[in-house]
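*Asks:* I am attaching a structure below and will ask some questions about it afterwards.
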Amino acid sequence: MSDPLLKIVGLRKHFGAVRACHNLSLEICTGETHALIGPNGAGKTTLLNLLSGDLKPDAGQIFLDNRDITRVPLYHRAHLGLARSYQITSIFPQLSVEENLLLAIQAHSGHSFRFWKKAVSDPQLRRELEPALERVGLEHRARDRAAALSHGEKKQLEVGMALACNPRVLFLDEPMAGMGPGGSVELGKLIAGLKQQMTIVLVEHDVEAIFSLADRITVLVYGEIVVTGTADEIRSSAAVREAYLGEEEPC
Amino acid sequence: MLLLISATLLLLLLPTLLGWLGEEYLISLASRILIYALVAVSLDLMLGFGGMVSLGHAAFFGIGAYVVAIFTHHSFDGSPVLSWPFVLPGLDGALVLWPLAILVSALLAAIIGALSLRTSGMHFIMITLAFAQMLFFFFVSLEAYGGDDGLSLFARNRFPGLDLSDDTHFYYLCLAVLGIFLLIAYRLVSSRFGMVIRGSRDNEKRMQALGFPTFRYKLACFVIAGAAAGLAGALIANHTEYVSPGLMHWTHSGVILVMVLLGGSGTLFGPVLGAATFLILEEVLAIYTEHWMLYLGPALILVALFARHGIYGILTGRERNNV
Amino acid sequence: MLLVFEQLLNGLQLGVTLFLLSAGLTLIFGIMQVINLAHGSFYMIGAYVAATVTAYTGSFLLGLAVALPVTALIGMLVEMSMLRRLYHKEHVDQVLATFGLIMFFNELTRIIWGRQPLFMDVPAWLSGSIELIPGIPYPTYRLAVIGVGLLVALFLYLMFAYTRIGMQIRAGASNREMAAALGINIKRLYTLVFGLGTLLAGLAGVMAGPILAVEAGMGESILILTFVVIVIGGIGSVRGAFVGALLVGMVDTLGRAFLPLFFRLVFPAATADGAAASIASMLIYLLMAAILIWRPRGLLPAHS
């Protein structure tokens with residue numbers, strides 16, 4: 001494996017007595033697809049939130065390309081190439097599908113103190129819009145309000161927005177949760193295709209999907225790392241079976 | 001579109017029509033409606049499009065009015081507005097004074113906005129309200145300019161090519177100002193800036209995750225709305241030729257908010273309809289009963305509960321945010 | 001020195017009045033997440049009812065005894081008939097509806113009691129003054145107001161610390177979902193909290209009656225001060241409301257009393273008085289701004 005792109009050192013986040021993330025250290029390499037698994041409440045989403053900047057850690061550091069980004073605010077991390085999707089779908093319900101994607105594109109094409117020209121027909125934005133719509137298969141719903149989409153389509157839109165940011169690192173928080181089997185397969189294909197283009201950190205309950213997609217897997221329990229390794233290593237790890245797989249049937 | 005054209009035509013011909021009917025005095029009411037429509041649209045930019053529920057918008061309206069009144073007062077007196085640290089003479093030329101009113105309102109909006117936007121939701125409502133009330137009390141205590149009693153203008157401002165003391169001239173000026181502002185607002189809400197503002201209303205966290213520093217865009221929106229309210233204030237000072245702290249009182253902010261919601265927030269023409277409906281209703285109801293607020297109050301409750309999209313929504317059957 | 005002592009008491013008196021208003025309102029904000037502009041109306045209703053009953057019967061206590069349940073009852077009726085429907089709506093709808101409520105109540109009082117303000121006499125047994133410190137007489141009635149305010153604060157503290165309903169309210173204020181999950185009857189709890197809030201507002205109104213003029217719109221000016229208190233103290237926090245109320249009461253009263261004296265040390269008298277009056281009227285808002293910069297969620301926020 002090459003140099004670590006993301007380096008996490010001694011990261012800690014407690015919510016009262018709950019240790020959502022406790023002295024956690026981890027390295028994520030350029031180009032790898034890294035999955036986080038663990039039982040409910042293991043702190044997977046918290047770790048993602050700390051990496052993306054949605055939460056501030058109590059202690060510890062996060063490095064991107066050896067640059068300390070621990071204190072870099074959420075909006076700035078996007079410009080460093082971090083993008084994410086949320087577990088609970090987070091879109092702009094009152095805007096149209098194309099406006100949702102347009103905002104993601106607009107975020108990285110200069111400042112938005114432009115008051116006169118219509119954004120939807122701006123050729124600079126438009127150019128990226130078509131492929132962004134196509135990538136998540138929502139061309140036919142471009143003009144519809146995002147609120148009117150089905151659950152699966154919202155998930156697709158959400159991932160599409162993260163992708164439209166042209167990220168170097170993509171954080172996906174349970175992208176397949178609540179999707180029908182067909183949708184999961186579609187999304188799995190999409191993610192598999194992305195593997196070549198960017199580094200992916202994935203939280204997902206669908207173990208089958210993880211074993212087929214992830215290069216390496218980290219198992220979290222109570223905010224701490226139990227083990228990190230390849231799919232085969234994880235499958236055969238006694239510690240994992242004890243802490244996770246044997247104990248609770250993943251849903 | 002047809003509706004828009006006919007409405008514009010009606011507004012353009014209104015003074016002539018009223019002249020035929022012999023009801024010229026209504027021109028003054030029409031100007032008043034246009035001015036309130038301006039301030040209501042400006043509030044809607046931040047409320048309906050930006051999701052910032054300000055209950056202190058009348059402060060900027062009042063500041064604009066006071067800037068005009070104070071400079072005009074000194075211009076008539078021949079006394080300076082400031083004699084230290086530099087001499088600032090009075091003014092009564094609209095082309096200098098009104099931009100000054102806009103500038104002062106914008107500056108104040110920048111300060112109040114920067115403080116208020118550190119919070120959101122209920123905090124934001126209470127804080128904008130409190131700051132507006134602070135300005136209200138400041139002007140109440142300002143004995144030099146009439147304090148509680150307010151300040152009268154001796155005449156309307158000078159405007160090249162127009163005679164503002166003529167109600168018809170004044171009406172057309174208000175109409176032009178509103179028309180230009182509506183055009184600006186129309187472009188604004190679908191521009192890149194408008195996209196950011198609307199996105200922040202829907203889901204601010206997501207906007208930040210996409211990489212937008214939302215604070216500065218919301219502040220810019222707050223300042224634009226404040227500046228436009230200041231211009232409306234400059235107009236109202238000329239219209240009534242009188243200003244008082246009551247312009248800034250929080251209940252006045254409430255009235256402007258009512259106009260926006262009554263007409264339909266998140267639309268451009270809704271607030272115009274709302275301002276017209278509110279002021280006409282006030283005028284008409286006041287003929288029949290002095291207790292018209294007894295009926296208006298429950299009506300507002302019903303609007304809040306059942307008619308979320310206001311008059312514009314009822315007329316067009318459209319939901320908000322369709323520009 | 002004598003003046004300082006008197007002004008401190010005045011500040012305390014304003015403070016406890018604000019506490020009565022803000023304690024209930026901060027709970028309503030914190031628990032129901034509803035912005036209620038009409039809280040001042042209940043203050044006004046309390047004052048009007050007490051003034052009327054006192055005028056008819058000649059007994060201030062009877063006025064108080066009627067005003068409190070009437071205010072609480074009207075409050076609960078408003079909650080059940082209207083406010084309840086607003087909990088899940090946007091803040092802007094709540095603003096519109098409660099603003100409409102203010103208009104309605106103000107106009108209604110004008111119809112019932114006319115446009116002239118009513119004046120309430122201080123009851124005979126509370127008239128006169130007491131020398132707390134020899135040589136400094138202070139009106140007995142105002143002392144009584146301070147005493148009642150502090151008693152209510154103590155009562156609320158005991159209620160929240162030791163009673164079942166108090167704990168339920170606290171649970172509701174810090175975590176709504178959790179409270180519902182614990183099987184607390186949320187609907188009933190909301191109505192009770194609203195009733196408690198309006199009762200306290202009514203009490204503040206009754207006690208302000210003999211000090212201020214009772215008139216339509218009297219609730220609006222004090223409402224803004226109440227908001228400032230809540231912003232300073234932190235939404236949903238009764239302790240915050242107590243600290244905030246005393247702070248606002250003191251700063252406002254002392255500022256108005258002493259700022260002119262300080263300014264006269266530096267400026268000529270006429271300029272000094274004008275400037276001091278302007279700044280004194282803005283002082284609590286500047287205080288609020290300072291606290292906002294320092295702690296945007298207030299001094300003692302309920303949700304940490």
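Backbone N, Cα and C atoms are what each Cβ position is placed from, and that goes for glycine too.
TrEMBL labels come from automatic prediction, so no person has curated them.
It should be emphasised that the depicted structure is a prediction, and the values quoted were computed from it without experimental measurement.
According to TrEMBL, the protein has these features:
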- B:29-47: transmembrane segment (TRANSMEM)
- B:59-76: transmembrane segment (TRANSMEM)
- B:96-117: transmembrane segment (TRANSMEM)
- B:124-142: transmembrane segment (TRANSMEM)
- B:170-189: transmembrane segment (TRANSMEM)
- B:215-236: transmembrane segment (TRANSMEM)
- B:256-281: transmembrane segment (TRANSMEM)
- B:293-315: transmembrane segment (TRANSMEM)
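Are these features on the surface or tucked inside, and what are their neighbours?
*Replies:* Below 8 angstroms of C-beta separation, residues 39, 89-92, 97-98, 100-102, 104-105, 108-109, 112, 131-132, 135-136, 139, 145, 151, 153-155, 157, 225-227, 229-234, 236-238, 242-243, 245, 247-248, 252-253, 256 of the same chain, each at least six residues beyond the ends of the transmembrane segment (B:59-76), sit close to that stretch.
Long-range contacts of the transmembrane segment (B:96-117) within its own chain (CB-CB distance under 8 A, at least 6 residues past either end) are made by residues 52, 54, 56, 59-60, 63-65, 67-68, 71-72, 124, 127-128, 131, 135, 157, 215, 218-219, 222-231, 233-234.
Same-chain residues lying 6 or more positions outside the transmembrane segment (B:124-142) and placing a CB less than 8 Å from one of its CB atoms are 52-59, 62-63, 66, 108, 112, 115-117, 148, 245, 248-250, 253.
For the transmembrane segment (B:256-281), the list of distant contacts is 4, 29, 32-33, 36-37, 39-41, 43-44, 47-49, 53, 55, 57-58, 61, 178, 182, 185-186, 189, 292, 296, 300, 303-304, 309-313, 315, 318, 320-323: same-chain residues at least six beyond its ends, Cβ to Cβ under 8 Å.
Under 8 Å from some Cβ of the transmembrane segment (B:293-315) lie the Cβ atoms of residues 258, 261-265, 267, 269-270, 273-274, 277, 281, 285, all in the same chain and six or more residues away from its ends.
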